[in-house]
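**Q** Residues or ranges marked as [4Fe-4S] cluster binding site by TrEMBL: A:625, A:631, A:665, A:669. For A:669, the entry in TrEMBL reads siroheme binding site. The domain 'FAD/NAD(P)-binding' annotation in TrEMBL covers A:1-275. Per TrEMBL, the feature domain 'NADH-rubredoxin oxidoreductase C-terminal' maps to A:312-380. According to TrEMBL, the domain 'BFD-like [2Fe-2S]-binding' annotation covers A:411-459. Among the features that TrEMBL reports, domain 'Nitrite/Sulfite reductase ferredoxin-like' is placed at A:544-605. What TrEMBL lists as domain 'Nitrite/sulphite reductase 4Fe-4S' is A:616-750.
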C-alpha cells in the first residue's frame, strides 16, 4: 500500500519515526514530498543556529526505507482518483497525510514589502537574515510571543541592538499572565533588548518608497530605528492544497479533521499546525506529535483518537526559563471557583503561579518564570490531586523527596507515559534513564521530565552501577575521595583495602595513577607507580601505530624564539623524525624509537625545553592569538596570559586531557570556545568559558563569568580545574562533566563557594604549582629511571627490527606492518 | 630435540607488574612479565592485531583468575598463561617457557 506524506517538518518526521517504530514500513511504501531542500529539523530551537549549532545538528535522521523527496513539493491533490501531483510526476496513494505546517502571518502593515523585512520560520529565513544583518547595527522584531522572543534572541546573537514590539500589554501573552510577563520583561531588558508593549506597528519606513527599511512607526507615535525588521506575528495554516482539493477548512483556516485526524475524505489525514481539530489549530509541537501518533495507529488499523491538546510549554528563551501548563490564564478575571497561589521574588526574578480548584486540592494550571525546575512534577500533577503543599511543589525538582505522584499521573506528557508505566519498566530491569527512554519513550521528546525519571529510579531503589571495573565497585570520584581522605599513597594499599580482589587492570591502574598524581604531584614512575602507567605515561611519549613514539616539547602559548625553533629543527633533522605542527600551536616529532627518547630529550632540555605532557591525561596546551601587543583589534595581552596560565597548570593530571586558549578580543582567533576552559578578552577584563570541546562531539563552552580581573580569572580557573579533577568520571572531558553536573552548580561552587570547599580547592592547586617538576629532566637525571628506555633487555641498543619506514613528501612515514583500520578492527 | 634455554637478564632487572622485551636470536621478540607474586611469564612481543612489537609495554593486571597484559595500542587483553586474547576469540600470541636459575631469567627456545 502506498502512503504519501506531504511536508517534512517536525510533525511529519514524528509520523515517520512512529511508523518505523511499529515496523509499518513493511506494509506501507512511504513517499515524503517536502518543499524545503533540507531534512526536517528542530524548529523549536531555531535560534541555536546563530549560537553555533549547525543545521546538521538540528536535523533529524529519516527512518530507513522512506523515499524522501526534498525540494519536490506537492502541487495538487485529487482525492477522487487518489493522486498527488508534483513538478516531476503524478503519484497515486492509498493514504495521504497533510503535514504542511504553517506559514508566517505578515500583518498588513505599510512597508512590509521593503528590503530588510524578513519572516522567521525556516533555516533559509535565518540564513537570509544572517546575510542581511552583516554590518547592521539595530534590529526590530514585530511580535513579542514565543516566536518573537526566539527571533529577538537570533538578532542578539548576530550582534544587533534589538527591539521587540508587542501589541499585547505583556510579553508572551498566550503563555504567561501579567505578573509573569513583568518578570520576563525584567530579564529580557537586562539583556539589552528594548521592549515596546501595548504598541502596534503602523508602518515600516525607509528613506524612499521601495528603499530598505530604516525603522518602525508605532501606534503610540514612537519611532523605533531598525536596519532590519523581523516579523514574528504568528502563523497561519498552510491549507491551500486541501482547499484546492475541495476539503473543508475552518473559518480561520486549517483543514478540518475528526478526532482520528481524518479530513472529510477518509483517505486523507491532516496533522500538526495545518489541522483544525476540535475547532482549534495548535501552533505547538506537542499536540502535533499527538496527532502523528494517532495517524500512525490508524494507518495500522487501530482506532486511536486525539487525546486532547496539551498546550503546556517549557522553554528557555533568551536564557530565561518560562513554563506554562494547564489552564493558567483564564482565572485572571475574577473567577470564584479557582484559587491562585502566587509566589513572587522580584530580587531573584522568580515568579510562580499555581491555579487550584476552589477546594485547593486539584491543580488546574500554572505559570513559572525564571525558575522552571518544578515543571516536571507540576505538569505530571495536572488535573489530579495536589501531591504536596503548593509551596513545597515549587521547590526545585530533586529537592522534593516527600512528593509522591499518583500512579496514573503522566510523567511524560509528550509521549503519554504514566508513572506506573515507568515503574513497570524499572521493575522489568531498566536501570538508567537511557533504558527507560528506549523502553517507554518517556523523556525522548522535550526532555523536561528527565529529572522526574531520575527521581523515580532513585525512589525505586535503583542504584546506578558506577563501578570502575571488575576490581573496584567505586566511581572515579568516589575513589578520589577515598584516596584523599585515607591518605593512601600506593596502588597496593588502594586495591587491598578497597578493591574486590585481583591485581587491577588497564582501566583502574591508570585511574589510581592519575589520582595519586593529582593529589601528590610526585615523579610518576618511581616504585609501584611505574606499573600503573599507560605506555604513554610510562615512556613519557605518545605511542604511534607502529610502536614508535612522538615527542612534543612544551611551547607555552605558542610563543617561540627563533633559536628554540632552530633547536627543534636540528633535533628532528639529526634523529630523522617526521615533523608536524599541531593544532595546539606546538610541534610534534614522530618516529622516535623507545631507546632514542632519552637522547632526544637531552638535546631538547639543553635547548631550554621541557615536557609538553602530550602523553598524559593532563593539561596540554593553552593556545593564544597574538593579542593587543601586535594586533590592532586586540584589547588585552592574550599571549602573556596564555603563557602565565600554561606555566601555572603545566603537569596537572586530570581525568582526561585539558586544552585551553586565550583570545585577545571578541573576534576569538584562538578558538577559546572550543576548549575545556577558554578565555576571551573584553574591554573590562576577561570572560571565562568552560566545558568546550572539539572532537567527536563538538560543544561550545558556556560562559562561567564575565569581565574578570586577571586575579579573579586565575582563582576561578584554579577552582574549576580542581573541582573537575576531584569529581569527574574516568575519561570524562569537562564538556560531558559540565552537562552531568550542571553549569549553574559549578558556578555556585567556584564563584559563590556554595559547598564551602573553595579554600580546599585553592590549596590543592597551590600544592600542585609548588611541587611542579619537569618529568623529563627528572628522568634524565637518574640512571635507574633511564634504564627503562631500552629496545631489548638483552640488546639495549639494537633497534626493533619490525620498525620500518618509507619516505613521503621528504619525511619518514611508517611502513605498514599490520592491516588495521583506524577503528581498530582487523580487515 | 631438547629445549634450549637462553639467558636474557638478571631477575632483578624485571620490574614488578611490568613487562620488558627480549630479543632471541635475530628476530624473535619475547615479552617478559614479572607478576606481583614474583612469577615470570613470557609471551610473543608482537601484537597480532597491529603487527607492532609492543605487548611488553602494556599494563599488567588480572581478569578473574587470569594474569593478563593489555596491548597498549587498542587495549585487547591477553592471558599471560596461555597467550589467548580474552577480547577477540581466535586471536592468540605464542607462549614461551621461562624459568629463573641462579638469579637469571632464561627463556626456552627451539
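Every residue, even glycine, has its Cβ placed from backbone N, Cα and C.
All TrEMBL annotations are machine predictions without curation.
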**Q** Quick one: find which recorded stretch in A:1-275, A:312-380, A:411-459 has the most Cβ pairs under 8 Å with the domain 'Nitrite/sulphite reductase 4Fe-4S' (A:616-750).
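**A** So the stretch in question is A:1-275.
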**Q** Taking the Cβ of each of the binding-site residues and counting other Cβ atoms inside 10 Å, which one has the highest number: A:625, A:631, A:665, A:669?
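**A** Of the binding-site residues A:625, A:631, A:665, A:669, the highest Cβ count within 10 Å belongs to A:625.
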**Q** Kindly report the helix/strand/coil residue split of the domain 'Nitrite/Sulfite reductase ferredoxin-like' (A:544-605) according to DSSP, in that order.
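**A** Computed counts for the domain 'Nitrite/Sulfite reductase ferredoxin-like' (A:544-605) are 28 helix, 14 strand, 20 coil.
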**Q** For residue A:669 ([4Fe-4S] cluster binding site), name the DSSP secondary structure in the helix/strand/coil scheme.
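**A** Its secondary structure by DSSP: coil.
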**Q** How do the residues of the domain 'Nitrite/sulphite reductase 4Fe-4S' (A:616-750) split into helix, strand and coil according to DSSP?
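**A** Grouping H, G, I as helix and E, B as strand yields 49 helix, 35 strand, 51 coil.
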**Q** Suppose you look only at the domain 'NADH-rubredoxin oxidoreductase C-terminal' (A:312-380); what would the mean pLDDT be?
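**A** Its mean pLDDT is 79.
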**Q** If the [4Fe-4S] cluster site is taken as the center of the Cβ atoms of A:625, A:631, A:665, A:669, which further residues of that chain fall within 8 Å of it by their Cβ?
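**A** So the extra residues in range turn out to be A:626, A:627, A:633, A:634, A:638, A:663, A:664, A:667, A:668, A:670.
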